[in-house]
């Protein structure tokens, strides 16, 4: 109430409370940090969207350019992008989701879509399929890769595969060619040939000290198993996991792999410290799309080949982890967000800008349209993954809640074995018993 | 029981003319509002950013909360799980304890030694003080942690220098489980600037006449240090000890950057706070992480309490 004796008080209760509220709001906004979605408004067709992805500044340059194309096509729509390295990206995504403050449109990991989809943080895209989002070129498998329960919470923009990258000159000096490596036994033999510990040359990078779950998954699927059950528990046969670690331990003990400490240090140094880039390793297992990155860092001739298979591998073991895109459940502009998702999946002009930066486009039409314009490493990459995608592939189940924990534990037991802290069977037994605690059927 | 509302004896209460009362009251109220307004940022910070989340985390520590929705009350399960079913928790405790028990005394000794040297009336003291303080400002930064990785790497500066001295078979300091924590301890010791500045201020407070009297009595430098400097400095040592101990328990950035967030190799640099962070944001086990945070608070409280309790036996305050 205004004081009748002083009609213009310097600070009324009302203005005080107003200021307080504004201050509190500012603080809250300050806490929000990353994400900041849900701020869009859709009145009169206007919308402002926050879009986030993981990656580096060069990826952001490409995707910002693509967003500018979307804005030009959609009057009244403005976008704002944010990015971070994968690790921090996932951490911030968790806090933003907990605060109901996810970006309107965000790139999603296949390892996390199960958790976020089931947790109610993501927009169910089902009602936008066909009308707003054209899914004709990504197929049923594409839709399945983002389906959690009854809802479609993500769609693939790209796929990546698993591959063997070779330093052809290092292998060649040992009289081996990457093209001759079809099985894991071939790989071990080639690595033994190429390794020359006295000269500081290793046969192959040690994958077990890094994020190695994809490689293990290939191994398990080749043996006819799966890493996880559809219910979300561990499906892999512990004996098969043991065989995987024994395979690498044998090579390490023979001096074919880099010593554990050197490999750990190299992993921490990023791509520029990679032994293959430095010319001191003949091979590495990688995601297929890493081929374009490695090619940009070395003048030496590189080869790209399919992941080796077990001698008696199942023929439908192939799998292609999707790079997914989602919209937040809290977005104020679900229609526009869906349109943006469609844009990143199906727009040829956008694909001309972003090309293969995140992997092979999920849309077969986009992939075919891009191929004639590609050259060098990009061509090798797209040809390789296109060839592999024609192979029979049994379903690749959604990663269950707890799968990230399993991936971390896998790297940890890899370290324990490599540093001699535990035997393979001890470490795997612990991995399996711990996993029973966090990989539980919902 | 009656409440005495009378003025204290000897004071006279001036009664203002009745007409002034509302005006004066208004002014006082205005002043009070202004005070609250100035206090507002701090209050918002205290309740919104500190106390609110603390209370929330205390509640969450009794729940199974996955950060994205599921939240169920589980009583003391998280606290029980820590001690009965989580070997990584135990190893994180041991790593942190080792770090605190080794790095804090080393850092304080180093800081005191340098402060004593700098207190000898050096020319350009301000310059040296600034130079030695610099690592304190930089030490917990990401850039320094990255630099540390280069310096202590397999073919880093340290090994190059040791190699030049003819030493061979040198370990990769940051990537060997036996040595990795050692490099983080060295990094912490290196950030001795802030305790050093406090020691310097403390040294300036020691009365010169005590040294003069001791010299007259024939005390040598070591005797003067042991019998005068050390006892006179004990309040400052105590202050630095408590401060650095609390800091060391909460160490995070160095390990996060140098180990790439894993606490490796083989959990050898898995600080308590890093494990807490992993549980919260990688494993989405926020209830458990909250319980860990409260356990850390209790441990820090106990260590600080123990320091205060023992202080009566070794800390000498002026005039006591």
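Glycine too: its Cβ is placed from the backbone N, Cα and C atoms.
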Students should find that the transmembrane segment stretch in TrEMBL, chosen from B:156-178, B:179-201, is B:179-201
Among B:3-32, B:33-62, TrEMBL lists transmembrane segment at B:33-62
Hey, which bits of the same chain come close to the transmembrane segment (B:179-201), Cβ under 8 Å, at least six residues off its ends? 95, 98-99, 102-103, 106-108, 110-112, 114-116, 118-119, 129, 132-140, 144-145, 148, 152, 171-173, 233, 236-237, 239-240, 243-244, 248, 251, 254-255, 258-259, 264-265, 268-269
Could you give the residue numbers and ranges of same-chain residues that sit at least 6 residues beyond the transmembrane segment (B:130-148) on either side and whose C-beta is under 8 angstroms from one of its C-beta atoms? 114, 118, 174, 183, 187-188, 190-194, 196-197, 253-254, 256-258
For the transmembrane segment (B:89-118), give me same-chain residues lying six or more residues beyond its boundaries with a C-beta closer than 8 angstroms to one of its C-beta atoms, as numbers and ranges. 82-83, 125, 128-129, 132, 181, 184-185, 188-189, 191-193, 195-197, 199-200, 202-203, 225, 229, 233, 237, 240-241, 244-245, 248-249, 251, 263, 267-275, 292, 303
